[in-house]
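Have a look at the structure below before the remarks.
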Amino acid sequence: MFRAAAPGQLRRAASLLRFQSTLVIAEHANDSLAPITLNTITAAGRLGGEVSCLVAGTKCDKVVQDLCKVAGVAKVLVAQHDAYKGLLPEELTPLILETQKQFSYTHICAGASAFGKNLLPRVAAKLNVAPVSDIIEIKSPDTFVRTIYAGNALCTVKCDEKVKVFSVRGTSFEAAAASGGSASSEKAPSSSSAGISEWLDQKLTKSDRPELTGAKVVVSGGRGLKSGENFKLLYDLADQLHAAVGASRAAVDAGFVPNDMQVGQTGKIVAPELYIAVGISGAIQHLAGMKDSKTIVAINKDPEAPIFQVADYGIVADLFKVVPEMTEILKKK
């Protein structure tokens, strides 16, 4: 289990660094590596010791080659089988357990994405350990920092488990360099198929806009837009900025946009170079998902809106006038 750590305990563990070894579970789409995996590798490197990556899937040779070049990775373990199609946690867990049994890793981690949040609790349960979720900082090999109360407080936890299983908030760690490494690759330990689930199909929505969690610019709308049709104002602005479009929980709950656009504690965590909040009041739940953005611009007609407390630039005005004006100015450039 884990408990709150006393300040004096944070100084220990320097002598343990040489004994650390970490397994990063790579998230990928067979031909491309998920960006959050690079952030997770950086976090794993903070623990000291050797960092290995496990790649499971089908026809994922390109991902293996890319990971071998990533700085900080010592070894890439590869498991290619039809059972790993779709990266189902029911199938990946036995593989991870066999890998852990053979190599005795002290830490197992993945990005705190839907993939990692779905997989790691199952792995931890099978190992009979308590996982630590969504960490934002590593104090020492057994001490981690995560947010609580919708990001309003930080909790430092000391994990005494024999194997530390944790997920990493990608926005809190820089991405590892995609070149400069020279890791070796080898076949991962074999494991039997669980046989309790089967991957059938996946249909991805195609968009010319960047993916929300990886975009450098994000334009988000809230309940102030009043309808889903009015989100076209944001789409037009986003097209000029080559930006992704997000939304507050209030906008999603109102049915303006689908829930995969939600930014916030119960949605997606983003940290773009530029975040433009349009018609968003700034509820705690939303701020928890975007407050790490490099530059925040808020547009709201209410000067007392909480969003202005975290914004670098604020525009107190009617969004239905300001947003079209911004779009027209950008079109002329």
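Just so you know, the numbers here start at 1 and follow the chain as drawn.
Glycine residues also receive a Cβ, built from the backbone N, Cα and C atoms like all the rest.
Some features that Swiss-Prot has for this protein:
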| type | residues | note |
| --- | --- | --- |
| TRANSIT | 1-19 | transit peptide |
| REGION | 20-204 | region 'Domain I' |
| MOD_RES | LYS59 | N6-acetyllysine |
| MOD_RES | LYS62 | N6-acetyllysine |
| MOD_RES | LYS69 | N6-succinyllysine |
| MOD_RES | LYS75 | N6-acetyllysine |
| MOD_RES | LYS85 | N6-succinyllysine |
| MOD_RES | LYS139 | N6-acetyllysine |
| MOD_RES | SER140 | phosphoserine |
| MOD_RES | LYS164 | N6-acetyllysine |
| MOD_RES | LYS187 | N6-succinyllysine |
| REGION | 205-333 | region 'Domain II' |
| MOD_RES | LYS232 | N6-succinyllysine |
| MOD_RES | LYS232 | N6-acetyllysine |
| MOD_RES | LYS301 | N6-succinyllysine |
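Structural mapping of features recorded in Swiss-Prot.
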residue : record            : Cβ within 10 Å
LYS59   : N6-acetyllysine   : 10
LYS62   : N6-acetyllysine   : 13
LYS69   : N6-succinyllysine : 15
LYS75   : N6-acetyllysine   : 18
LYS85   : N6-succinyllysine : 17
LYS139  : N6-acetyllysine   : 18
SER140  : phosphoserine     : 19
LYS164  : N6-acetyllysine   : 25
LYS187  : N6-succinyllysine : 9
LYS232  : N6-succinyllysine : 11
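Secondary structure by DSSP for the region 'Domain II' (205-333): 51 helix, 25 strand, 53 coil. Ranked by CA distance from LYS232 (N6-succinyllysine), the modified residues LYS69, LYS85, LYS164, LYS187, LYS301 have LYS301 at the top as the closest. Listed in sequence order, GLY224, VAL316, ALA317, ASP318, LEU319 are the same-chain residues six or more apart from LYS301 (N6-succinyllysine) with CB atoms under 8 A from its CB.
According to DSSP, LYS62 (N6-acetyllysine) is assigned to a helical segment.
The closest partner of LYS187 (N6-succinyllysine) among the modified residues, by CA position, is LYS75; the full candidate set was LYS59, LYS62, LYS75, LYS139, LYS164.
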